[in-house]
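What TrEMBL records for this protein:
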type	residues	note
ACT_SITE	Lys33	active site, proton acceptor
ACT_SITE	Tyr254	active site, proton acceptor
BINDING	Arg130, Met302	substrate binding site
DOMAIN	233-356	domain 'Alanine racemase C-terminal'
MOD_RES	Lys33	N6-(pyridoxal phosphate)lysine
Amino acid sequence: MRPARAVIDLSALVHNAKLARQHSPEQMMAVVKADAYGHGLIPCATVLQDEVDAFAVAFTEEAARLIDAGLTRKPIVLLEGFLDAAELPFIAEQQLVCVVHSAWQIAALARLSSQQPVAVWLKVDTGMHRLGFQPEQVLAVWQQLATLPQVRLLGLSTHFARADEPECPVTLQQLQAILALQKQLNTSLSLANSAALLSTSAAAGNWTRPGIMLYGANPFPSANRLTESLEPVMTLESKIIGVQTLAAGQAVGYGGHYVTSAPTRLGIVAMGYADGYPRQAKNGTPVTVDGQPAQLVGRVAMDMLTVDITHLPEVGVGSRVELWGKQVSVDTVAQQADTIGYQLLCNLKRVPLSYC
Ligand SMILES: *Cc1c(COP(=O)(O)O)cnc(C)c1O
C-alpha cells in the first residue's frame, strides 16, 4: 500500500476544543464545515459532541451528513442559512438553525408552512461586506422576522474580517457596530471566530464559533503570534520510496527548478499535489525525515516530491517523512506556499485518513 496518509489525532482535537471552551464565556458552536476542515466530519463531530453546544456547517448538505450519522444531540447551525427555499421543509423538520442574511430568505420563510418555527440568527454586515444586512436595516428586519410565526429569533451574528491581525482596529469597529444594535434589541450575539476568540475577549459574544483552532492550526500565522498551546490534529506523512545520489550541478525535477551545488543525496517521497500538498511550496520548505529536519528541493509533482537528505546518511528508502503535523507546522508550509493553513488542511485529497 502507498504509505501516504493523514493521521488524525482525535485527542488533540478534544484538547483544542477544551481550550476554545475556556475562551468562550457562554456557549460555543464548533465549526465543522468542509469535512471538519479536511479532518473527516463524522469522526471529528463524534468526539466533539460532548465538548460543544452546537455544530456549525456551511450549508444543508453538510448538516445532512451529521444527521445521517445520527449526530443530532447538539443543534446544527447553517452558517449561510439555506441557499434555496426548497431546503426549508427539511430544515424545519430537522430543526436546523439558520443564519438569515438576505431579504429573499425572509420572503421564503414567510411562505413556509410548518408546525415548528425555524431558529434564526440574523446576520449583520458590520464590515466584512460579504453576507448580512447593513446595520441601519437591522431594526426593521428584526421587527419583520419577529412577526413571522415560522421564525424563532436567537440573536444577531456577525463575522470579523481582520481578527487575525490583532492590532487592527477594524475588529473593534465591527464590535462597536454590533454592540450598538444589541443594546437596542437586547438579544444574544454570535461573533467570534478562532482569531477573535483568542485575541479580543470583548468580542467573544454569547456564542463563539471556533474553527481553525480546533484543528490546532494558528489563526494568526502572519502575525507570528500564538500564545495558546494548540495541538496540531492532522499529521500528513509518507515515506521515501527511492534515493538519488547526485553530483554537483545536476538539475532536479520538472523545469530543472533546483540545481545541486554540491554532491547531494535526495529522497523521493510518495506525496504530491494530487494529494493536496501545495505545488507552490518553495525550495527549502521544511519536512522531517525519521524525525529530523530536512528540506524540500525541486518542484512538487503530482505524485512525488523530493527532499534533500545529504545531511542524514542514516535515512533512506522506507524512512518516514512528515510533511506537516506535530513536527512541521502546517502554517509554516502554508507560508512557503503563499497560502494559509486552512487551505492546505481542507484541500487534502486522495490520501486516506486514519484516526488515533
Ligand atoms: C468558517 C467560519 C468560522 C470559523 O472561523 P475560523 O477562523 O476557522 O475559526 C466562524 N464563523 C463563520 C461565519 C465562518 O464562516
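Glycine too: its Cβ is placed from the backbone N, Cα and C atoms.
What TrEMBL says about a protein is an automatic prediction, not a curated fact.
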Listed recorded positions adjacent to ligand 1, that is, members of Arg130, Tyr254, Met302 whose C-beta is under 6 A away: none
Secondary structure content, the domain 'Alanine racemase C-terminal' (233-356) (per DSSP, counts of residues): 19 helix, 44 strand, 61 coil
Residue, out of the recorded positions Lys33, Arg130, whose Cβ gathers the largest set of other Cβ atoms within 10 Å: Lys33
Pairwise CA distance, Arg130 (substrate binding site) versus Tyr254 (active site, proton acceptor), rounded so that it is a whole Å: 40
Rounded to the nearest Å - Cα separation of Tyr254 (active site, proton acceptor) and Lys33 (active site, proton acceptor): 35
Rounded Cα separation (Å) that holds between Met302 (substrate binding site) and Lys33 (active site, proton acceptor): 27
Tyr254 (active site, proton acceptor) CB neighbourhood, other CB atoms within 10 A: 12
Model confidence over the domain 'Alanine racemase C-terminal' (233-356), averaged pLDDT: 97
